[in-house]
């Protein structure tokens, strides 16, 4: 069995060796909760990788959004090239949940667009857990949402070997039960085709490789793996396990039981509604549910099948749904990255889902069992955990209370220290700020300014422009691609100052930034809490000249705590550097690690984009349609490679082109 093996030029330095040793010891001793308090840029991902290598256990890494999950997945793939590093996030490109608004009598049907590539990656993740132990899955919070039963998923797996006595038609019937679809012409993921005694299966977890099973009578003669595009044989296989094409598969016996159970619940609910005089709601519910039952009897599935997941899995009412966590072996470990954001997000999921379903159940659009197709409650989530390491520069009260040990990682491998903090009175703040900006511009460095309101940010941006400073304002209405473009332009030096309200989102750890100015630092609220202030201060921690100026007339509790904590860390870092003769260096490279779309691309790209605009304007309608198809293929390829910013950039370009049709 393969073991986890970190492949890297880095050696643990600074606080890393101690952190790795202590966290490993905690896991081996069976401690349930630990916290890695690691400052920005201290190499937390590398520490996590070394701990995984030490304990050799299947691992789930939880991130609070898709972009961060993709970045972590890329980093772990670099550290573990010989192991299975998988990616599990929501597969919806677009999702409008089913809802009912009683005030206007408006029913909104569920509408969604599923990203086929991400669905493939999800299948790859779950199948890897049943095939091997050297598995790391990087997931977003969508992993606490309902997924099919792991028991049914495993029981319906098709295991084939050469020499096995198995009838071809029997294998076909099994594939159909696993929700594979027969299509002899359009051969793609989740489908199979038959040519005489040859059966070709395209597994749900693959993009480019399929399995060819050759029969001789009732015996499997040969199994080969081949490239779907070229038809070239990759190799012969002595054994192959085909996993179901859907996570919501169930056996025919369970389906029959589920239909009976749905009918019983329907009768009970209809009696309740009629006794309350809700005749319209009762009629609506009966009509919709009977149609779904018919579909389940005839086809084995129906639209919105997930709303009947409790019946399909045979769970009692109110019991927790099956999720990705149930697919892991009992001894798995979990890292919760940026836990100060991720934990509150996990807490909020259940209530949001329940509030939306209340109206659907009350007005006869769904049976009460629809409540059981839901994310886990926070208490259920806690029960499913085995051993957890919270990872954050600013752990929240929950993490600190739960953890048996808090391991600090304060020393950065680059020798960089936390920035110096200055508090300046509000009177004359703008003139003072302009003076500080000019000092940075002379050194070819950049400045981030955070304000509390949109109005203040807009006024400040206009004022700075009027005095000749090259400044841009980044607000919440800016889409992902434009946001990446702004960050890239800041790094390229097309402007020097970026003004924003919330500068804590991913992608803003920029080495060129040597000054962070916090206006209204003494106005208490979530943007000026201790956690937010420490995170904002960290934005200046990648430059050797890093400095933070807080503009305030008084020092609040949150400010004092943030200043004290930063000074404490700074003292430890400076002492370590002096003791070991380390001279801090601004991060020069690592642009790719910050965020893919901010890479300093040469000016050639811009020339190309302007030429492309001219060409598109002269294209015929048919040529634009063909160009859109080409771009869609490129977009899918980038999605496979986890280059989501590039894929999103192409998606936005496709939207613009479709407007021209």
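Cβ coordinates are placed from backbone N, Cα and C, and glycine is handled just like the others.
Summarising the annotation, Swiss-Prot assigns ATP binding site to 38, 39, 40, 41, 42, 43, 44, 45 and lists sequence analysis as the type of evidence. Taken from Swiss-Prot, the feature domain 'Helicase ATP-binding' applies to 25-178, supported by sequence analysis. Feature annotation from Swiss-Prot assigns domain 'Helicase C-terminal' to 429-591; the stated evidence is sequence analysis. The feature domain 'UVR' is assigned by Swiss-Prot to 625-660, with sequence analysis given as support. As annotated by Swiss-Prot, motif 'Beta-hairpin' applies to 91-114.
Sitting within 8 Å of the Cβ centre of 38, 39, 40, 41, 42, 43, 44, 45, and not among those site residues for ATP, are the Cβ atoms of 47, 393, 409, 412. Sequence-distant contacts of residue 44 (ATP binding site), defined by Cβ-Cβ distance under 8 angstroms and a gap of at least six in the same chain, are 36, 38, 337, 391, 409. Counting residues per DSSP class in helix, strand and coil order gives 33 helix, 0 strand, 3 coil for the domain 'UVR' (625-660). Other C-beta atoms found within 10 angstroms of the C-beta of residue 45 (ATP binding site) number 20, with every protein chain shown included. For the domain 'Helicase C-terminal' (429-591), the model gives a mean pLDDT of 87.
In this view, residue 40 (ATP binding site) is surrounded by 18 other Cβ atoms within 10 Å of its Cβ, with every protein chain counted.
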